[in-house]
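Novice: Pulled from Swiss-Prot, these are the listed features:
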- Tyr104: active site, proton donor (ACT_SITE)
- Arg157, Asp270, Asn418: NAD(+) binding site (BINDING)
- Lys175: active site, proton acceptor (ACT_SITE)
- Glu246, Asp247, Asp270: divalent metal cation binding site (BINDING)
- Asp270: site 'Important for activity' (SITE)
Amino acid sequence: MELEYESKRPLYIPYAGPILLEFPLLNKGSAFTNDERSHFNLHGLLPEAVETIEEQAERAYRQYQDFKNDDDKHIYLRNIQDTNETLFYRLLEAHLSEMMPIIYTPTVGEACEHFSDIYRRARGLFISYPNREHIDDMLQNATKQNVKVIVVTDGERILGLGDQGIGGMGIPIGKLSLYTACGGISPAYTLPVVLDVGTNNPQRLNDPLYMGWRHPRISGDEYYAFVDEFIQAVKRRWPNVLLQFEDFAQNNATPLLNRYRDELCCFNDDIQGTAAVTLGSLIAASHAAGSQLRDQTVTFLGAGSAGCGIAEQIIAQMISEGLSEEQARARVFMVDRFGLLTDKLPNLLDFQSKLVQKSDALQSWNLTSDSISLQDVVRNAKPTVLIGVSGQPGLFTEELIREMHKHCARPIVMPLSNPTSRVEARPEDIINWTDGAALVATGSPFSPVSYKEKLYPIAQCNNSYIFPGIGLGVLASGAKRVTDGMLMAASRALAQCSPLAQNGEGALLPNIDDIQAVSKTIAMQVGKAAQLQGVAIVTSEEALAKAIEHNYWQPQYRTYKRTSF
């Protein structure tokens, strides 16, 4: 049954009695009116009082506050989501900045690690390799028929926690919660999926409660054939769906994106979403520092698919600001565990090969060894931007940051690794080491830093600023693909929303409580870019704006009327 939430007309429901209360998308709990209780055989199944959604949310928030640790709060919120989705999103809307770290990073990492321990109720689809011949049937079994957004993972690279097997399902569930809470995508249109291809994590394989396929991960041709079976089944079932790849290992993430990005409307949030939000933050930071991105010299710690995806977006923006491709690439330095990527380094991955520095250009560098370390790069290249996507804590040392600050009045430092325990440096330390001069953005949430009687807000360079707006823009415009131009438009729109860039003070990124307005701004620019690039039907700007509002779902109860199947 298709649930058209956008309309304010009554919703005709064929279910009644206890069955109706079991549908999270339909259940109102104590908010069913007396007429509805009569028509749907609910008298006696609910307490006497008829409540508003505001009263329900107040009770839920009081209960939420009674939990003392974040893991228990996460479990509580997920229980509400699995019972009454409208109430869940009304609660999130009222307390978004407080609850976002609970439903997503960093708390979702713990939920993924303990998925089989805290499992209560099925949500989404579990597509397992042993049942690969029945994928079409599994998609037909989905409780939601008109799916418009899918987030899919294979659980191999969950945040900075590695292989969690089907425990990775916590990520698609959390991401889609933010598509709704931040981007207004109706929960009736979203579907989380985990591809269960086994796990190489001995803790999971040896856990008697692990609920996934107890088998080492399949790989190579066998793996890619299975993913292709899933993609083709999705295309048959929902040909116009937006599919987001999430937390695939870097050796699979880029090949899958390259293979399917021209075949269906899809993107990889770890590569493209992370790149888009980081680029938007850098554009804003550059403006706040009185310069353009083309003027920056950028050093990365971490040269995986996420880091290289960010680097390519930065290079594209530098080129759009007037640099040649050669000039732009010469300003970006990639460092991994083997040192700086150069044209003499063997065994580079395909996506790394275009991001090497030419050895001839490094002849004048003062080096301490044959392997060019991060310290060597900072001392010789004199970067103005330092980005961490290594997943290794504490690698942005005091010595390193102070060396950077010697040649850069306002260094831009972005330790983006998740969760908090994996961050390359803590914002408080960066602010102290630079005497308050650094512009800091992190991947996980941090409290403002107090330094010399001044409060420094710390921007969370969170993909949640980007992907909900992309999703809303795709749905509103009817885009058939997600192009690089649409992602670039999202980055520039985010930069325009920066309080620091606009006013010269405040946070680098907007307040999380303003993220719904930010998502609509991004959706508008994404939709316009889709039209310009020929992947969406051209309409007027006014029509696109109306489509965005029409597609923006609000957590409000509708009136129900009874009908038969």
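From the backbone N, Cα and C atoms, a Cβ is placed for every residue, glycine too.
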Novice: Count the other Cβ atoms sitting within 10 Å of the Cβ of Arg157 (NAD(+) binding site), across every protein chain shown.
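Specialist: Around the Cβ of Arg157 (NAD(+) binding site), 26 other Cβ atoms lie within 10 Å.
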Novice: Identify, in sequence order, the residues in the chain of the residue listed as 'active site, proton donor' that are 6 or more apart from it along the sequence and have a CB within less than 8 Å of its CB; answer 'none' if there are none.
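Specialist: Expected: Gly174, Lys175, Ser177, Leu178, Ser464.
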Novice: Quick one: Cα separation, Asp270 (NAD(+) binding site) versus Glu246 (divalent metal cation binding site), in Å?
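Specialist: Computed Cα spacing between Asp270 (NAD(+) binding site) and Glu246 (divalent metal cation binding site) is 6 Å.
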Novice: Pairwise over Arg157, Asp270, Asn418, annotated as binding NAD(+), what's the top Cα to Cα distance to the nearest Å?
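Specialist: Maximum Cα-Cα distance: 12 Å.
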Novice: Taking the centroid of the Cβ atoms of Glu246, Asp247, Asp270 as the divalent metal cation site, which other residues of that chain lie with their Cβ within 8 Å of it, listed in sequence order?
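Specialist: Near the divalent metal cation site, the remaining chain residues are Thr153, Arg157, Ile158, Ile171, Phe245, Phe248, Ala253, Asn268, Asp269.
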Novice: Given the NAD(+) site residues Arg157, Asp270, Asn418, which other residues of that chain have a Cβ within 8 Å of the mean position of their Cβ atoms, reported in sequence order?
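Specialist: Apart from the listed residues, the neighbours are Ile158, Leu159, Gly160, Asp247, Ala306.
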Novice: List, in sequence order, the same-chain residues at least six positions removed whose CB sits under 8 Å from that of Glu246 (divalent metal cation binding site)?
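Specialist: When sequence neighbours closer than 6 are ignored, Glu246 (divalent metal cation binding site) has Val151, Val152, Thr153, Ile171, Pro172, Lys175, Asn268, Asp269, Asp270 within Cβ distance under 8 Å.
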Novice: List the Cα distance (Å, whole number) between Asn418 (NAD(+) binding site) and Asp247 (divalent metal cation binding site).
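Specialist: Approximately 12 Å lies between the Cα of Asn418 (NAD(+) binding site) and that of Asp247 (divalent metal cation binding site).
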